[in-house]
Amino acid sequence: MSLTLMRFAVEQINNSTNLLPNVSLGYDIFDHCSDTQSFPGILKLISVNNGIQPWGENPKNLSKMIAVVGPFTSTDTFTVTPLLMMNFFPVVSYGAASSAFSKKAKFPSFLRTVHSNKKPIEVIVNIVLYFKWRWVAFLNNDNDYGNDGLELFIKRIVDTEICMAYNKGLNDKTNYSQMFHQIEAQKIQVIIVFTTKLTAEALIKSAMQLNITDKVWIALDTWSLNKKLPKMKEIKNIGTVLGVSQPVVPIPGFNDFIYSSKSQPHCENTEQSMLCSQVCNCSGLSPEDVVSIDPTFSFPVYSAVYAVAHALHKVLQCGVAKCNGNITVYPHMVLAELKKSNFTLLNRSIQFDENGDPTSGIFPLEIAVTRTNHSIKTCTTGFPAFTFTFVLINCLVQVPISVCSPECPTGYVRKQDGIHKCCFSCIICPNRTYINSTEDPYSCISCKDTEWSAEGSTSCNQRLVEFIPFTDSGAILIMLGAGALVGLTLAVSVLFAVNYNTPVVRSAGGPMCFLILGCLSLCSISVFFYFGQPSVSSCVLRFLPFFLFYTVCLACFVVRSFQIVCIFKIAAKFPKLHSWWMKYHGQWLVITAAFTTQALILVIGYSSGPPKPYNETVWYPREIILSCDIDLIATSGSVILLSSLCSLCFIFSYMGKDLPKNYNEAKSITFCLLLLILTWIIFATEYMLYRGKYIHTINALAVLSSLYSFLLWYFFPKCYIIIFQPHKNTQQYFQDLIQNYTKTISQ
């Protein structure tokens, strides 16, 4: 049919008075029936007197050939085109779709009137993506055309969710039974057939014989409008065929030309056979047979001939009535004009891009849907816009599913199984993560520290920021307790000052009592900074006053416990030690040393790692607990010093537990220390089990309890004696107790 159409186009041009007036095109037509038999014909076309003139030498002996229309297939074109490139003979193919011909470094004089394989591959991929077919087979001819399509398809699906589950290069020796068995075993429902018409017919016939049903077959323009297959009875079972094709453009007058050509007598001798298809009908085909041939490539053939004619029109400087006969036409001149082609043929614009390919506006593609009622429905779509979405929905009766693994439920992430990304298992995203399937269906994304998410979430939620405000009822009670502590210490100080020279005050420590009471008041400052939103300064003041001044309190009680033991037990055995202690005011040296040491530790520790605001996000996934972060190394020295003083105090006070009952400060100190230790054990246990916002209230309560333990159980009993039992607050009463204790010891 292609040869007949070429003859028809040439005769139209020769009979035209506008395109090439007073110029007649001549042509040689031969069948490119095999790679080995094609060379004699091509060599004959480009040679003169059995010789080929190289490019750049005397052009007088060049061949009269100015352009070649064809060949049809990519493999045939690869065979003969290199011979034509050396002298820049224009080659205008109407069927070679391999993308390799777009490379002008190898094929500088090649042009074509059919789209490159890139365009149908792009359409196919978009169709597959739209219908969410992820698991497809790709069948191609095992030749240049098919392998090029396969390579383009593989490159195109790299960044998509499409997986090529199966691929097979088809040839005459293909075992279709084994091939379809493998396709069925992998549950592939969509098969892309990138083959020639003959291979496609053999494939579909085999599918019908093997009872392959309910598939989607995606066909290329080489066989998408095949009129033979839809007429077969078994075609209704194989499924739906979607064909990507350039639209058929009817050629006016061509059918009449066919009938007139077929009415010519058959060739009767050798001389006529050499001019077969030009002067006689040497074919056994009837006009009806020719007309019924797939017309997909009719317009590409027709436009290829006209493209050469229009280029020659420009080279010969043709006008309305005639062309310039004095111009010698060379192939490279025709090539230059071919590249600049811009004319309209049958309402179609004919142009070539810089690669010699037809521009995107030349052939809008069509989707041909072969339905089970033996009919072909054609749905036109523009390229490259791919406006086929709604068209295909109307054409398809039912959209099948073709996936290796079903889509994961919402909130589940894919875990790839094997080499194919389309085969996966589904794993739910854990707490504090979410999945964004559109961006990355294979990873659970961690939420920010300020966000939370439940298991299987697709987004994160903002966490609730929690801290104890000053208006909290618990905070108000504790701050009132701290204020009351300051008031009570002031009252006790006044009471002790008024009764300063009494035995009770002196036995309690005398001037040391005022230091202890003052430090207890200063320690209470820390309580107020456990509430409100933490800041750097509030975090520092939350710990510094308590560590510093509570050290002084404990140092005072250490000294006081030591003095009690020293006076009643050590003085008699070690008089010199007692004398040295009294002479150099050892108690004040110890207190000063403890205060100085703690101050240095705090300065050094807070300089290297001061307490700072910290967001607790681990314990409660939906909340952010505003807290203060303590550097354990920086604060370890202060804690060790406090623990050491507490231990010494407890040892000394316990040693004096059997001293006189009424004025036994050692027992009071021991009881206070037991309360202190118990308070912080309870807090440490609570801190290990609970990290909510109220842990700060508990911490402030522990601090306040530590202060009240000494105020209530050390100073209040003495206040009670001063106020309500003044008879016990006399020198005589105190001396009697000492004498009775001494007699008891001596006995």
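Glycine is treated like the rest: Cβ placed from N, Cα and C.
Taken from TrEMBL, the feature domain 'G-protein coupled receptors family 3 profile' covers 474-738.
If you look up TrEMBL, you'll see 475-500 (among others) marked as transmembrane segment.
Residues or ranges marked as transmembrane segment in TrEMBL: 512-531 (among others). Within the chain carrying the transmembrane segment (512-531), a Cβ under 8 angstroms from the stretch's Cβ atoms is held by residues 467-470, 472, 475, 478-479, 481-483, 485-486, 489-490, 492-493, 496-497, 505, 538-539, 541-546, 549-550, 552-553, 556-557, 559-560, 587, 591, 696-697, 699-700, 703-704, 706-707, 710-711, 715, all 6 or more beyond its ends.
Counting same-chain residues at least six beyond the ends of the transmembrane segment (543-568), those with a Cβ under 8 angstroms from any Cβ of the stretch are 509, 512, 515-516, 519-520, 522-523, 525-526, 577-578, 581, 586-587, 590-591, 594-595, 598-599, 602, 606, 611, 628, 630, 635, 638, 641-642, 645-646, 648-649, 652-653, 655-656, 659, 665-666, 669, 672-673, 703, 706, 710, 741. The annotation transmembrane segment is assigned in TrEMBL to 543-568 (among others).
Here TrEMBL flags 588-607 (among others) as transmembrane segment. Residues 515, 540, 544, 547-548, 551-552, 554-556, 558-559, 631, 633-635, 637-638, 641-642, 645 of the same chain lie 6 or more positions beyond the ends of the transmembrane segment (588-607) yet place their CB under 8 Å from a CB of it.
TrEMBL lists 632-656 (among others) with the feature transmembrane segment. Beyond the ends of the transmembrane segment (632-656), by six or more residues, the same chain brings 543, 547, 550-551, 554-555, 557-558, 561-562, 564-565, 568-569, 594, 597-598, 601-602, 604-606, 608-611, 664, 666-667, 669-670, 673, 676-677 to within a C-beta distance below 8 angstroms of the stretch.
The transmembrane segment annotation in TrEMBL covers 668-688 (among others).
Within its own chain, the transmembrane segment (694-716) has Cβ neighbours under 8 Å at 467-468, 472, 474-475, 478, 481-482, 485, 488-489, 492, 508, 513, 516-517, 520, 523-524, 526-527, 530-531, 546, 550, 553, 557, 625, 627, 665, 668-669, 671-672, 675-676, 679-680, 682-683, 686-687, counting only residues six or more beyond its boundaries. Residues or ranges marked as transmembrane segment by TrEMBL: 694-716 (among others).
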